[in-house]
Amino acid sequence: MTTPADSSPSGDPDFRDLNDLQRPNPLRDEFDKRLPRIAGPCGLVIFGVTGDLARKKLLPAIYDLANRGLLPPSFSLIGYGRRPWSKAEFEQQVLSAVRDKARTPWRQGVWDRLAEGIHFVTGDFTNDAAFDRLAELTRTLDRERGTAGNWAYYLSVPPEHFPSVCHQLERSGLADSPRSGGWRRVVIEKPFGHDERSARELNAIVNKVFPESSVFRIDHYLGKETVQNILALRFANQLFDPLFNSHYVDHVQITMAEDIGLGGRAGYYDGIGAARDVIQNHLLQLLALIAMEEPVAFNPAELQAEKVKVLRATRPVGPFLKTTARGQYTSGWQGSQRVKGLRQEEGFDPESTTETFAAATFEISSRRWAGVPFYLRTGKRLGRRVTEIALVFKDAPHLPFGQGQTAAQGNNMLVIRVQPDEGMLMRFGSKVPGSGMEVRDVNMDFSYSEAFTEESPEAYERLILDALLDEASLFPTNEEVELSWRILDPILTQWAEHGRPDDYPAGTWGPASAREMLARDGREWRRP
Ligand code: BG6
């Protein structure tokens with residue numbers, strides 16, 4: 001391998017040769033995004049590498065990326081944490097995570113190459129000496145392995161550690177791009193604050209060290225294929241978007257239901273709850289993609305501008321006692337299994353008032369959406385795991401049929417199934433065969449697994465690769481994050497001041513108050 005370390009006259013490491021590898025291929029159209037995009041020379045440091053997310057998602061995603069040939073041969077992965085692990089011990093940890101969760105087949109050669117670039121640095125987030133060792137290691141890898149001064153830092157740590165980690169990255173010089181070239185980026189996991197004020201404070205801390213253009217905030221829902229398809233559905237077709245407005249749409253329901261409980265997640269979840277965990281980020285991002293105007297072009301700045309515009313126009317509808325619902329699961333049956341209630345789960349306060357179900361009503365003050373409620377709901381230990389967006393259409397303005405002929409017909413509906421069973425369903429009325437005239441609902445279904453042979457990559461694969469490629473379209477900006485908190489904060493304040501969540505048995509579809517919330521508007525939740 002060429003090591004350009006000694007090639008510069010000043011004796012400074014000079015990575016220009018390796019960065020040359022990132023120059024666009026003159027034979028390739030840079031706007032052609034159909035071909036696989038491959039990251040140039042670079043490395044990734046993960047803080048919080050011993051956590052659940054790293055083990056279940058990040059480390060397997062890195063192997064899968066390598067296996068698909070999307071990482072450079074020089075790719076290096078450094079874990080940073082308090083464990084006194086050697087390189088070999090960390091390698092074993094990564095290996096077991098990969099064996100457990102990787103989605104692509106095992107290939108020894110890929111692993112061997114990846115493993116050569118795996119390292120571990122022991123230290124906590126305030127330790128100067130450990131960060132200096134980390135900085136030294138990155139320089140060594142730049143010289144010897146060819147990471148070319150290009151480093152991304154993945155903060156998979158609770159937000160209270162952001163200040164120390166950012167300070168240390170700045171102090172040790174890790175945040176600065178080397179004079180000889182190379183980039184520095186930071187990738188940040190949620191939760192990004194617990195309200196608008198704390199999000200602003202965190203943004204200020206991060207942006208003091210990294211310019212906004214180098215900050216990649218993860219909302220893994222945006223990495224999902226079906227979520228990106230919302231843009232294709234709306235803006236690549238003539239059939240759907242003209243109907244996306246208050247003339248045709250009665251209301252929109254966005255549901256993210258999970259059947260899992262919270263055993264083992266008390267440390268993160270108790271005191272956070274379903275609205276902060278899911279509505280503030282994933283569901284408001286889905287709302288933004290469904291409701292935003294067409295971007296002028298498909299680049300990060302234009303996409304983000306449209307999302308910001310729609311989030312600015314979004315408000316929670318009150319009075320919250322009637323337009324929201326919150327619940328907490330009690331023991332019940334999940335399929336054939338008896339499961340505990342939240343307050344009996346390990347680590348949770350037996351008096352916990354943390355909600356595991358949240359539903360709320362939002363409106364968008366724009367010509368397109370005025371008067372159309374957006375109902376968002378999420379919960380743990382619900383009937384089954386499903387995330388979907390349902391646009392429920394108004395009745396036809398006039399029905400030239402006799403009494404009773406359309407009695408069995410419901411509202412037309414367009415349902416985007418985000419997961420599982422990715423696809424889209426259209427529900428509309430059709431004549432029942434026979435000599436009479438009777439209209440009943442039928443479904444037209446598009447399923448990814450039937451239409452395409454390629455399997456969708458895991459969201460984290462897509463997002464890690466995008467961060468390494470400096471492709472920011474799928475990452476919410478600081479403004480989007482702050483606006484989302486601003487939308488949710490009034491509900492959280494009211495909830496904190498009044499009452500506690502309603503109980504619902506595990507395995508059901510949430511508390512009765514959620515049904516009542518929609519019934520007051522003369523509507524009902526779709527049973528996914
Ligand atoms: C995370 C939430 O962001 O998303 C978790 O913190 C939730 O509580 C998870 O379980 C769900 O992700 P997915 O991709 O399985 O829908």
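A Cβ is built for glycine as well, from the same backbone N, Cα and C atoms used for every other residue.
Feature annotation from TrEMBL assigns active site, proton acceptor to His282. Residues or ranges marked as NADP(+) binding site by TrEMBL: Arg82, Asp124, Phe125, Lys190. Look at TrEMBL and you will find 1-10 tagged as compositional bias 'Polar residues'. Here TrEMBL flags 13-29 as compositional bias 'Basic and acidic residues'. The domain 'Glucose-6-phosphate dehydrogenase NAD-binding' annotation in TrEMBL covers 45-229. The region 'Disordered' annotation in TrEMBL covers 1-29.
Note on the domain 'Glucose-6-phosphate dehydrogenase NAD-binding' (45-229): its mean pLDDT in the predicted model is 95. Counting in whole angstrom, Lys190 (NADP(+) binding site) lies 11 from the residue listed as 'active site, proton acceptor' by their C-alpha atoms. Within the same chain, residues at least six positions away from Arg82 (NADP(+) binding site) with a Cβ under 8 Å of its Cβ are Thr50, Thr122, Gly123, Asp124. Residue pair the residue listed as 'active site, proton acceptor' / Phe125 (NADP(+) binding site) shows a Cα separation of 28 Å. Cβ neighbour count for Phe125 (NADP(+) binding site) (all protein chains, 10 Å cutoff from its Cβ): 22. Under DSSP, Asp124 (NADP(+) binding site) is assigned to coil, being neither helix nor strand in the three-state scheme.
One residue stands out among the recorded positions Lys190, His282 for having the most other Cβ atoms within 10 Å of its Cβ: His282.
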